[in-house]
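Chemist: Pulled these from TrEMBL:
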| type | residues | note |
| --- | --- | --- |
| ACT_SITE | B:LYS82 | active site, charge relay system |
| ACT_SITE | B:SER187 | active site, charge relay system |
| ACT_SITE | B:SER211 | active site, acyl-ester intermediate |
| COMPBIAS | B:169-179 | compositional bias 'Pro residues' |
| DOMAIN | B:34-149 | domain 'Amidase' |
| DOMAIN | B:177-527 | domain 'Amidase' |
| REGION | B:148-188 | region 'Disordered' |
Amino acid sequence: MLRRLCQCRARQLQPFRRFHDARVYKEDPRWLGWQVVIGIETHAQIKSRRKLFSESLTSVPGETPNTHVSMFDAAFPGTLPKLNHKCVDLALRAAVALQSDIQTRSSFDRKHYFYSDLPSGYQITQQYAPIAIGGRLSVALPNSPPFEVRIKQIQLEQDTAKSTLNPRTRTSHIDLNRAGTGLMEIVSEPDLRSPDEAGAYVRALQAVLRAVGASDGNMEQGSLRCDVNVSINRVGQPPGTRCEIKNLNSVRFMIAAITHEITRQRAILESAPDPQNATVPQETRGFDEHRFETYKLRSKEDAPDYRYMPDPNLGVLVLSQERIRTVRDTLPELPWETRERLRSAYGLSERDVDVLLNIDSGRDVSFDGETQGPNASVIAYFDQLCAEEGDEGKRRRDPKAVSNWITHELLGQLAARKETFKDNHLSVDQLGELIDMVQNKTITGTSGKLLLRHMLANPSKTPTMQIATELQLTALEPCPDSTSSDTPVHSPALRALCADAIAALPAESDAARKGNRNVLNKIVGRVMKDSHGRADAKAVRALLEELLLPR
Amino acid sequence: MGVIPVTLPNPKFEFTQARQRQLSTSVSLDSTTCRARIAAYNPSINAFVRTSPPPPPPPPHPSPLAHETLPLQLATRPVAVKDSICTRGMGAGCASEMLRDFDPPYDATVVTLLRAAGADIIGKTNCDEFGMGSMNIHSIHGPVINPFGSPAHRSSMARSTFPSAPSSSAPPLPPPPSPEARSAGGSSGGSAAAVAAGMCFAALGTDTGGSTRLPAAYCGVVGLKPSYGLLSRWGVVSFADSLDCVGVMAGCVEDTELVFDVLNVYDEKDPTAALPETREAARRACERRMEEMGWSEGRLDGLRIGIPQEYFPAEMTDAVLQPLRRTIAGLQAKGAVVVPVSMPATAYALSAYYVLASAEASSCLARFDGVEYGLHVRPPPGTDLATTSTAELYALSRSAGFGREVKKRILLGTYALSADAFDNYFLQAQRVRQLVKDDFDRVFGIPDYRQCTTGETGSEGVDVLVHPSAIQTAPRLDGEGGGGLETYVQDVLTVPASLAGLPALSVPVAGEGWPVGVSVVGQWGCESVVFAVGRAAERI
């Protein structure tokens with residue numbers, strides 16, 4: 001470990017590379033003549049059931065303060081950390097997804113500072129030997145080719161507690177629920193060139209982390225936070241001095257913060273007496289969410305010395321090739337893989353793919369990377385509904401029809417109930433049966449929608465066919481093989497309905513018998529009404545024509 | 001003194017004989033006797049800072065099943081525990097103002113194991129604050145007085161003559177030490193003194209750089225710093241995580257081994273605990289080596305003892321050297337082969353130790369901020385909280401809570417970890433630590449099973465190292481030889497084994513007057529070999 005520590009120190013002391021020309025300069029009309037260079041450190045809470053080094057359960061904001069706290073979390077003397085390997089595996093998933101080079105040996109370090117959100121006086125992190133080094137993520141802005149963002153490293157670390165100041169009583173309140181929750185710090189290289197690219201990068205990263213189950217990436221809930229480094233330089237000149245904007249917790253704020261920072265730095269450089277040699281003072285800045293401006297937190301001179309020290313308790317984290325391979329082999333499908341599969345394997349349109357992916361972007365991510373039932377993800381639900389039949393090797397349902405039923409009918413009716421896909425309790429079998437019944441005309445499309453509404457309102461495990469029968473929604477015109485014969489055989493029930501309608505509308509019926517085709521519509525309408533949508537209008541018309549029209 | 005012939009007033013003889021008696025009579029160190037002795041002598045020795053109520057008497061009629069179960073290894077044995085080891089309901093003050101009123105809601109794993117073995121946790125012992133010191137003078141409870149030669153010590157040798165317990169409980173403050181009073185050593189001075197004064201059967205200390213071995217040597221008892229990673233550190237208040245070990249002290253090697261065996265259990269709550277397979281590999285290697293030597297009764301034929309030439313600094317006194325020579329001669333007479341060895345990194349070990357121990361201390365003690373527990377000093381009235389940083393508020397509690405020595409080391413350690421000093425101090429000290437480890441691995445025949453799993457036992461290497469535990473006998477408490485750099489030089493012989501994480505046993509040997517300890521150091525996990533040599537040494 002000592003050797004690695006020395007190597008790492010040597011790396012850190014190397015002079016800066018000329019990183020900013022890694023990408024071709026593209027002019028931006030908002031700041032002509034200036035190049036913007038952005039790098040992002042993302043802190044993503046690991047979606048584990050328990051904390052990184054203790055047995056306590058993780059929590060979400062809003063839970064009763066100090067209810068998820070172990071002796072270790074409160075830094076009681078004599079307590080020791082115990083690494084939660086579920087957290088390690090989730091970080092490894094992220095590393096594989098980002099094509100990062102997983103280190104078979106990594107180690108933990110202590111970062112020291114005194115603040116009330118840090119009970120032990122140090123945060124355990126991976127300063128010298130992170131769990132994964134390097135990597136890349138492909139990011140796309142709408143209507144432009146994708147670009148690649150290099151990942152510098154991924155490190156495991158502890159989240160802090162939360163301290164809030166009550167200005168009225170002038171007291172600090174400390175909630176240790178979050179203290180010790182596992183975080184992944186994902187550091188990008190300074191490969192981003194505009195606020196919009198930065199936003200797209202964070203969204204892409206969010207989608208990847210969610211897809212592999214490493215984090216729920218929820219910025220509003222604080223499970224994904226960003227520190228952004230911004231510098232600007234005149235085109236062709238060396239990179240400028242960077243300023244770091246801390247703790248941005250929404251993409252919108254991040255874009256606003258970077259935009260403001262560019263304007264601010266530009267003003268400094270342009271108003272300097274010697275513009276060619278002017279530099280921006282190196283600072284750590286915060287973002288004011290009300291004024292949409294960044295403000296100074298501290299200058300370089302005030303930067304704290306964190307006194308990093310290898311953690312003597314945790315030793316070396318050794319990862320076997322076999323363990324890494326297992327993570328690689330069992331990695332859930334990545335967003336771009338899903339998109340490609342939906343397009344090529346099912347032939348869905350770009351629009352349908354977008355709708356399905358969008359629904360899933362809001363789904364719950366399970367703890368510890370556990371696999372979920374098909375109802376947790378609309379893609380999995382869709383996959384199962386389209387599932388191929390084993391023996392015949394032939395697709396069971398038409399993907400286009402399934403996609404329509406999900407995106408239009410199911411989600412539409414859920415929305416009408418002010419629900420989302422998460423609330424859908426219809427099993428794959430139930431909806432599958434419903435779609436089949438409509439497809440083979442056991443029920444009409446109208447009845448199908450009615451049935452769906454009924455089933456959403458009355459959760460049960462009863463097979464769809466049984467519910468349809470109970471509700472008398474089965475079509476009056478069973479159509480098996482009806483197409484094979486020129487003269488369809490109409491059901492007695494439909495015949496009875498038609499006879500009733502003819503009896504109820506004697507004047508119209510007479511007119512029809514005399515050859516008035518127009519009046520037939522009225523009788524068809526009557527039959528349809530009486531059948532409560534169970535009858536097929538075409539079949540009714542055909543039957544009425546047979547019964548009334550002169551031959 | 002009844003059974004000792006009165007014609008031999010020679011203090012050397014008296015000590016040796018007395019110790020032998022203690023070896024054979026330690027069974028009488030029961031809970032009642034020890035509590036009476038604590039009540040009688042603790043005011044003048046100041047070994048205990050808290051005692052527990054006596055355990056309930058055993059039922060008059062043992063349960064019908066009692067005879068079928070094996071007696072517990074430590075049944076009814078009173079064991080004292082250093083105040084930096086957590087005990088539920090008995091405090092863990094670490095001799096610090098910071099934790100004076102801290103009462104941990106948990107037992108350290110080692111305490112749980114003691115209780116499970118039937119031990120009576122008789123009380124908590126005085127120490128240097130957070131284990132920092134080698135004289136046990138940095139304590140909010142005052143210094144521990146070395147009981148050697150005191151009425152307490154003499155009566156521990158002849159048990160029938162100690163006075164009955166006074167009716168009142170112990171006074172809160174000990175009487176000031178007499179000018180001639182000697183240090184019990186530190187930092188586990190209270191534990192060593194308690195054993196020496198017959199106040200307990202055995203005591204737990206901690207050992208970061210010699211804190212168990214040095215007081216054991218000064219007080220004339222046996223002290224073991226086990227291999228790092230064998231005894232669980234869970235519940236032991238950290239001073240320097242990579243060096244801290246739980247130490248065991250008792251009147252003789254056999255009793256020390258008995259307690260060690262009870263505690264030598266893998267604990268998954270301690271991330272630095274050696275894995276069961278690593279322990280087993282080392283144990284088997286020692287077994288093979290001892291079988292190979294095939295010792296008969298009381299013999300050490302074939303044993304190779306290394307005498308490290310760098311362990312005899314100029315400051316070492318004759319009072320220490322002569323007994324060591326006699327011990328080595330005695331071991332040779334039993335068939336051991338003595339080999340001079342060189343450990344070139346020793347000269348730098350002390351400096352490296354102080355950099356690393358202080359750096360880790362500055363980190364481990366950062367948690368004491370007065371928020372979650374411990375001393376909390378409120379800001380003075382009128383303080384503008386809006387302009388006062390959290391660190392400044394913490395400084396109030398930390399300034400009041402820590403003593404001089406602790407503050408000094410925190411400052412040193414903070415500096416060693418600062419960005420500008422890290423490479424030259426912390427990293428450099430880590431390199432030296434590796435060199436010290438290499439020295440040991442080069443001289444020992446048995447390999448270090450923490451690093452290799454299939455190591456071959458070399459025929460050229462030594463089985464143990466033997467050297468004095470300290471450069472002198474117990475120094476006086478009145479400042480003579482205390483306070484300056486000398487107190488650190490004391491640690492020169494003990495820190496290499498700490499840096500390398502090796503087992504080291506200090507055994508009292510026959511000396512002229514004040515006790516002298518000889519250290520037996522073995523390869524990692526080779527406690528069995530170390531104990532065997534220790535048993536032989538204490539009988540010389």
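Using the three backbone atoms N, Cα and C, a Cβ is placed for every residue, glycine included.
Remember, TrEMBL labels are computer predictions, not curated facts.
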Chemist: Determine how many residues of the domain 'Amidase' (B:34-149) DSSP places in helix, in strand and in coil.
Modeler: 29 helix, 19 strand, 68 coil
Chemist: When a 10 Å sphere is centred on the Cβ of B:LYS82 (active site, charge relay system), how many other Cβ atoms does it contain?
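Modeler: There are 33 such Cβ atoms around B:LYS82 (active site, charge relay system).
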Chemist: C-alpha of B:SER187 (active site, charge relay system) to C-alpha of B:LYS82 (active site, charge relay system): distance in Å?
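Modeler: Checking the Cα atoms of B:SER187 (active site, charge relay system) and B:LYS82 (active site, charge relay system) gives a distance of 10 Å.
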Chemist: Taking just the CA atoms, what is the gap between the residue listed as 'active site, acyl-ester intermediate' and B:LYS82 (active site, charge relay system) in Å?
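Modeler: The Cα atom of the residue listed as 'active site, acyl-ester intermediate' is 11 Å away from the Cα atom of B:LYS82 (active site, charge relay system).
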Chemist: Where does B:SER187 (active site, charge relay system) sit by DSSP, helix, strand or coil?
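Modeler: For B:SER187 (active site, charge relay system) - judged by DSSP and reduced to three states - the answer is coil.
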Chemist: Quick one: give me the count of other CB atoms within 10 A of the CB of B:SER187 (active site, charge relay system).
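Modeler: Step by step: centre on the Cβ of B:SER187 (active site, charge relay system), count other Cβ atoms within 10 Å, giving 38.
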Chemist: By a simple count, how many Cβ atoms lie within 10 Å of the Cβ of B:SER211 (active site, acyl-ester intermediate), its own Cβ left out?
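Modeler: Neighbour count, Cβ to Cβ under the 10 Å cut-off: 37.
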Chemist: Restricting to the domain 'Amidase' (B:177-527), what is the model's mean pLDDT?
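Modeler: Across the residues of the domain 'Amidase' (B:177-527) the model's pLDDT averages 93 on the 0 to 100 scale.
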